[in-house]
Ligand SMILES: Nc1nc2c(ncn2[C@@H]2O[C@H](COP(=O)(O)OP(=O)(O)OP(=O)(O)O)[C@@H](O)[C@H]2O)c(=O)[nH]1
Ligand SMILES: [Mg+2]
Ligand SMILES: [Mg+2]
């Protein structure tokens, strides 16, 4: 068929292919979730239902996009890791990013009622997203360590802050008490004032959520009606340390080199 005279407009499109053989990390983050969490009366500092909803959305994304090998989530953010050799959409950045962000967001709205049966969604939430390429396994591990350390620092601070506020301090007073304190001071404050042992707080709040795929055997019937065993990958959720080597050694399928 002859080309239409309009087709030249395709020349204006940019090549946004990501470079080959690099880990791809897609991080999405709730837009204005400070306000969103207030409007929906999320529990402070951690709302289990809100986090469970985030985890379910991530699980759906991971199940749908086969190239995602690992995901890590905390607060209103999720990071998805695509394997180095991934050729999804010929590694075109906009296609990969927009698919993951929209799939996550539509699931968030679609599944809202299953997690918040008693709360109407007040307005449509949105998520931003970016893709970062990491050339080495260590870069990828440092990225994930950075996010998990961020989860820990924020959670320790927020746990102290809301314990102080719930005990009658104003938000300004709580801020002043916590200004300049070290982790050890915060642990001590929780223990001495509120009899809270920080290590007993649920691991999901302290460590965030790690999603991996596990291969399992399942029984099914083939075309002749004979029972056969097939393999399939299911997404498993963990709340574990991903900074130390232990996790990476326990998951050789992720193909991350661990230096002992
Ligand atoms: N109460 C409560 N709030 C939460 C929870 N998880 C996330 N949030 C809120 O979401 C915010 C997420 O932080 P950011 O992503 O840095 O801030 P943001 O308001 O989403 O702003 P942008 O991401 O820049 O659009 C936190 O500061 C909290 O206010 C939760 O479990 N409970
Ligand atoms: Mg946000
Ligand atoms: Mg955030």
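The backbone N, Cα and C atoms fix where each Cβ goes, and this holds for glycine too.
Caution: TrEMBL annotation is automatic and unverified by curators.
What TrEMBL says about this one:
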type    : residues                       : note
DOMAIN  : 6-135                          : domain 'tRNAHis guanylyltransferase catalytic'
BINDING : 29, 30, 76                     : Mg(2+) 1 binding site
BINDING : 29, 30, 31, 32, 33, 34, 75, 76 : GTP binding site
BINDING : 29, 76                         : Mg(2+) 2 binding site
DOMAIN  : 139-244                        : domain 'Thg1 C-terminal'
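Under 6 Å, Cβ to nearest atom of ligand 3: this is the test, and of the binding-site residues 29, 34, 75 it is passed by 29, 75. Counting residues per DSSP class in helix, strand and coil order gives 57 helix, 31 strand, 42 coil for the domain 'tRNAHis guanylyltransferase catalytic' (6-135).
Proximity to ligand 2 at the level of Cβ atoms, with a cut-off under 6 angstroms, picks out 29, 30, 33, 76 from the binding-site residues 29, 30, 33, 34, 76. The maximum pairwise C-alpha distance among 29, 30, 31, 32, 33, 34, 75, 76, the residues recorded as binding GTP, is 12 Å. Sorting each residue of the domain 'Thg1 C-terminal' (139-244) by its DSSP state yields 56 helix, 25 strand, 25 coil. Excluding 29, 30, 76 themselves, the residues of that chain whose CB lies within 8 A of the CB mean position for the Mg(2+) 1 site are, in sequence, 28, 31, 33, 75, 77, 127, 128.
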